[in-house]
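What TrEMBL says about this protein:
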COMPBIAS  1040-1049  compositional bias 'Polar residues'
COMPBIAS  1050-1059  compositional bias 'Basic and acidic residues'
DOMAIN    43-129  domain 'Cadherin'
DOMAIN    130-244  domain 'Cadherin'
DOMAIN    245-354  domain 'Cadherin'
DOMAIN    359-462  domain 'Cadherin'
DOMAIN    463-571  domain 'Cadherin'
DOMAIN    572-676  domain 'Cadherin'
DOMAIN    698-790  domain 'Cadherin'
SIGNAL    1-16  signal peptide
TRANSMEM  798-822  transmembrane segment
Amino acid sequence: MVNFVFMSACIVLVCAQDVTYHINEELPNSTLIGNVMNNSNLFSAIGGSSSASLTFFTTETEYSRFFRVDEKNSNLYTNGIIDREVICEFSEVCMLELQIVAKSTLGSFFHILKIHIFINDVNDHSPAFSRQSLTISISESVLIGKSIEIAGARDKDTSAEFSLKQYQMKPKTAGEDLPFSINFVKHLDGSSVVRLFVIKGLDRETKDTYTFDIIAEDGDEPPRQGKLSVTLRVSDINDNAPSFSAQTYNCTVNDQSTINTVIIKMNATDPDSLDNGLIKYKLSSHQSAEIFTNFQINDSTGEISLKQQLVFSPGKIFFIIVEAYDNPIDGQSLSTQAIVRVTVQNSGNNPPVIQIKLLSQKDTAEVPENASIGNVVAFVVVVDHDVGQQSIATCIIVASDFDIQRIDMSSYKVFVSRQLDYERSHSQNVTIHCQDNGARPLSTSASFTINILDINDQTPKFTEQFYSTNVREDTSVGVSILEVSASDEDAGNNSLVDFEVADGFKDVFYIERSAKRENTGVLRVGKPLDREIKSSFLFQIYAKDRGTPQRTGTATISLQITDVNDERPNFTQMPFEFYVLENLLANADVGRVTAIDKDLGMNAQVEFKMHPDFEGKVPFVVFADGKIKTNHDLDREEISRYDFKVIATDKGSSPLSNTGSVVVKVSDANDHAPEISFPKLGNNTMYVPHSVQAWHIVSRVMAKDGDEINTGNSKLRFSIEGRNDSNLFQINPNTGEIQITGPLQPADVGKIFRLELFVSDYGQPKPQVAETVMYIMITSENATMAAAQTDLLSNKNVLIAIIVGVVTVVLSVGLVAVICVIRKIDRERKLEQQMKNNNQITVDPDINGRQVFDGSITVFSLPSEDSLIEKKKKEVSFSLEDDVFSDDDLIQKSALENGHRHYKANHSFLAPGLKKVEDNHSETSGDTGTSDSGRGGSDEEMQTSMSQSPREKMMDFTRPLPPMSHQEIIPFSFKKGLSTPFRDFSRPVGFSHERGKDIEMKSHDHDRHRPVLSTMAVHTPTDSLDRSRNKVVLLQTDSGIHSDTNSTEGENHIRDCMV
């Protein structure tokens, strides 16, 4: 059942309504509650056309886990079964609040809807008592109106409709009238308290038990019920006094009757129960003393007996008042009295009567074992009712440590006659014999016991003076280790022994008295043991009796703690740090890791291994003994530090392990020579105006060393080892700064000074050295100013070149990836075609009418397609003297016409005579003053530029390209009308030409170890030198095959070549 209502809320221009739903508990999972968008009027508020772009989700709240909302259609579902009694355990009203966010996926709309969900109670719980039955007791003296409180039932349903409503009582016996009424109080948590009210008086003697059911009902129809069976017992009160069967009893006793002779047995009754009806007897305290002298009564049986032999006296009658009383729990007893009349009969001659008066408060005499000799323990009186000498008696004693002594004619004392010892005899039976002096003597005897009282004069003794055993170190706290026992010959508390561990060990061990055997204790572990901290214990234990003064016995315990593999190996360092020299061969010692295991034996033996996470990832091997060796050579410049982990494992039955860290630092070996970045071949000329002052810094040698920084292997030393300057210049050995030592003269203008520069490190055992050459040309002031202006423009060009370079790199990476995929498919076919057509040339005969060579031209082959996968494309540009188009115009135009890729070369590789090129690459261009032009041109470039006319200037590679293993540069040049080749290269070039024929060019390297370059042929039509055409020939090559754009001989694998 799901109901909902609306609550209005307006935010900005969108009005939507908060929604209230009412659902029943225990609904199945995924039950539809309602549509949030429709129920909240959100659809109308935002316009129906925009509702499709909304998405809905719940925010994280306390109750959001119980519901889920469809993010597209906003249907709200239950997310599991909801138990109202769990979520709202003590609440009459159960309301859950959600927040649902409505958000546009296209626009900026965002709105939070508050959803109030009321969980309706379902009557799924009956009232339940905490127990099934209850027995209670109530006194029969309880007052009417008194109540008895009983823990009532609890109904987990907390709604007003289905919670606990009423109680009723139902007797077990039909029709029984119960003397009780019922009421209850309901608590906030659903529990209740039931009160039974007494409405009638109770009488245990009439009815002592009531049995009935208390039934709890909820508000359902029919109601759910819970039942508690109650047994109510009426407890007795002492409301009845004992009663005798008669008020007076008569009896006759012969004067010869002996002591303890029973003369009568009294009997009384009491209708009460238990102690209230338990009758005891006693002689009333309000009567003459002779009654207590001559008679005694058994308080339980009511038997009256003689306490001594009665003496006949004519007319003498004893009136004994006997009292019968009950024994209630509350101590308020009731009693009844009766009278016993005792008459004594005469029987003739009487023997002496011995009356023993014990000097103690007990029925037996007591004397401590340390009592001195002569100490009196009893007083004896002899009575004889005869007359004259017949009434005088003489007494003797039978005892080992006691004697008797007359005090007067009828009394004696019993005293200690020798030293007593409780341990020898705990008690002694003493007998006294008395005889009168009659013609026919009569005698009598009386005995009593003297108990020797123990004095704590014996020290407890352990059964063993030295206890020894082994204990595992993993023994749990409280576990028994061994049993100790002691004996004490004293008695009572003096013989009871308690055990104790000596101070300093009480926190580790304790002794617990044995419950089965007296004076026995069990030694137990008091706290965890650790053999690695303490491997043995030697301590004393004490046996202390309970006498006063207390006596103590001592014994010694020796415990050996046996090892358990409970200690992990602990590395002696964290981390281990080793230094190893680079470039050592494999299997070189690095160091050794060590670990200590505090266990013993095999438990303490440790093996080492590399952590699995580092196996094969570091160039080291860890041996079982902890030794670490390399498994291949190390290069500090590649990796200078290795961090890895090592596992140490013991050899215990249940091995334990630990992980340690190892740091291996690769020490630098002087394996790198200094690298000079300036001056270097192609950028080694400095221009210094003749007006520069002495000690001015004209340049600086730029160099670096790849060895470890801040060490002698990377620290550099600069020097001039060869020169033609007559020491005009000097170099700072630490900074590489070159200074002029004296003034220049106008006559020095045009001079070129050659400095042979050495850069060496401080490495051991032998420094590494690099060398270079610098040319310093002395110029006039005007030349310097022009160079300075050029530098300003050059700086701007450098910035532009950097930006262009970054963009080029990004585009090249994407292009290389595409090429890599395409070329992988054709690689095998390409390789076969390359091998087949290597060193062959094919020329399109129709190239005459479409393409011409114009101006001075340089041709070189570009990298193979394979190398393009690994290297960026390089661009080559051309500058044609007096040309109508610029370099970029020509290249772009050709590219648009022919659809080819072009490579634009850095202008620094072209002769300065072809085009005025600004030197932005000199590393000192920004560091020198007005004396440095920054152009960085070489001497050879100046000579070439000066020796040629503008029309004769060739476009040559006068600066070497960077070394590239994947390509060969084939430089050559020719000019208009020239029938023989112009050569100005380090490698000879063969060139033969006839107009209208192919130009065949061969290049051979001076280095015999390098392969001979491929043959290249360029077709030159008869009108190829016609400048009016202003065209550039664009050729394509496939492993040495050159053709025009329309050629198909190159198949699909194409390399570009610019002419």
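Numbering starts at 1 and runs along the chain as displayed.
Cβ coordinates come from backbone N, Cα and C, glycine included.
Keep in mind that what you see is a predicted model, and the values were worked out from it rather than measured.
Here the domain 'Cadherin' (572-676) has, by DSSP, the following mix of helix, strand and coil residues: 7 helix, 47 strand, 51 coil. DSSP states for the domain 'Cadherin' (359-462), grouped as helix (H, G, I), strand (E, B) and coil, give 4 helix, 54 strand, 46 coil. Residues of the domain 'Cadherin' (43-129) grouped by DSSP class, helix first, strand second and coil last, total 17 helix, 34 strand, 36 coil. Each residue in the domain 'Cadherin' (130-244) gets a DSSP state, and the totals come to 0 helix, 58 strand, 57 coil. With helix defined as DSSP H, G or I and strand as E or B, the domain 'Cadherin' (245-354) counts 10 helix, 48 strand, 52 coil. Counting residue by residue with DSSP, the domain 'Cadherin' (463-571) contains 4 helix, 54 strand, 51 coil.
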